[in-house]
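Below is one structure, written out as structure tokens; the observations come after it.
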Amino acid sequence: VDFLRSLFSRTLGLSPGEKVLDELTLDGVARYILSGKCKNIICMVGAGISTSAGIPDFRSPGTGLYANLQKYNLPYPEAIFQIDYFKKHPEPFFALARELYPGQFKPTVCHYFMRMLKDKGLLTRCYSQNIDTLERVAGLEGEDLIEAHGTFHTSHCVSFLCRKEYSMDWMKSTVLNAEISLLNYSHFVLLWMYFFLDIVFFGENLPARFFTTMKMDFPRCDLLIIMGTSLQVQPFASLVNRVSNSCPRLLINMEKTGQSEFGMGLFGFGGGMDFDSDKAYRDVAYLSTCDDGCMALAELLGWKAELEEMVKREYALIDSKDAKTKDKEANQSSRSTGAEAGKSDKTE
């Protein structure tokens, strides 16, 4: 085995890199971040970082999104996100979109931990599989994000002669608030034909920026933090292998995932993460919720109080903004009701 490992390593350039962490634990990761040698952190995140906000993940038995789609009468759960099915039956997706649409949920501790990495100049970029825009609500901006599977944040006219961008508020008020029924089905489909959410369905290509940016970001990454993803959807999952062979990789998740295929793991290189073999040298798995894992890491870094204060402050700002929005809507409704009453009096 040692001979074959050496032969494949020399032939394919897959030899293990330098060991950077002094131990393969969360403490070891924290010491590395504090050492000053870790300057470029990339986060890869999936649906698991938003579950504590009230948004279900996809694959958890019983509670995941795919386990609770019976009311849409789909041929199979994944069909709701497949472009061919959507073109024929758009109603289930838009009905689900209304349930999950931004504005109903607050970012989680995990989202604000990434914001803290940004504020401290450590976040190179966040690569997200999520379309819920909570990274943006938490304070990450477009340049900080690669929304690999698209986003609710914008929509575009599908005409090649137009491609005009439409805001999230416009899409919500124009399309997603519409009741989907046989009576307005034709109007609904007409809207879909011209205005399309900027999300990526199964069967569609990922945004070009995903591919161009990853070639720049991953070779210079000093620490890869993977959170709340099953690493089952390609090509996103393959990003874990884009960092250098010396780059430490931290997984914060409810279970281990992204591990090496048996053959590659046997020879000690390539094919994914290696947490447990005697050849493991850079991968750390911290099994917990994403919020608990981020708070534990923040505590080891001496950032816990700062993170707690950030979450408290940002939640207060969101609550204040929501209250003002509701007051404005109530006043508009009141004026509208008064105007209608006035018209009725004049008619009489």
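For all residues, glycine too, the Cβ spot is worked out from N, Cα and C.
According to TrEMBL, the active site, proton acceptor annotation covers H149. Summarising the annotation, TrEMBL assigns NAD(+) binding site to 47-51, 57-59, 129-132, 229-230, 253-255, C290. Annotation source TrEMBL lists Zn(2+) binding site at C157, C162. Per TrEMBL, the feature domain 'Deacetylase sirtuin-type' maps to 19-304. The annotation region 'Disordered' is assigned in TrEMBL to 323-348.
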Rounded distance in angstrom between the Cα atoms of A47 (NAD(+) binding site) and H149 (active site, proton acceptor): 11
Spatial neighbour of the residue listed as 'active site, proton acceptor' that is closest, considering only the binding-site residues S50, T229, M254 and their CA atoms: T229
Binding-site residues: A47, M254 - member with fewest neighbouring CB atoms within 10 Å: M254
For H149 (active site, proton acceptor), the number of other Cβ atoms found within 10 Å of its own Cβ: 20
Same-chain residues at least 6 apart in sequence whose Cβ lies under 8 Å from N130 (NAD(+) binding site): V45, G46, A47, I49, S50, E147, H149
Protein Cβ atoms within 10 Å of T229 (NAD(+) binding site), excluding its own: 27
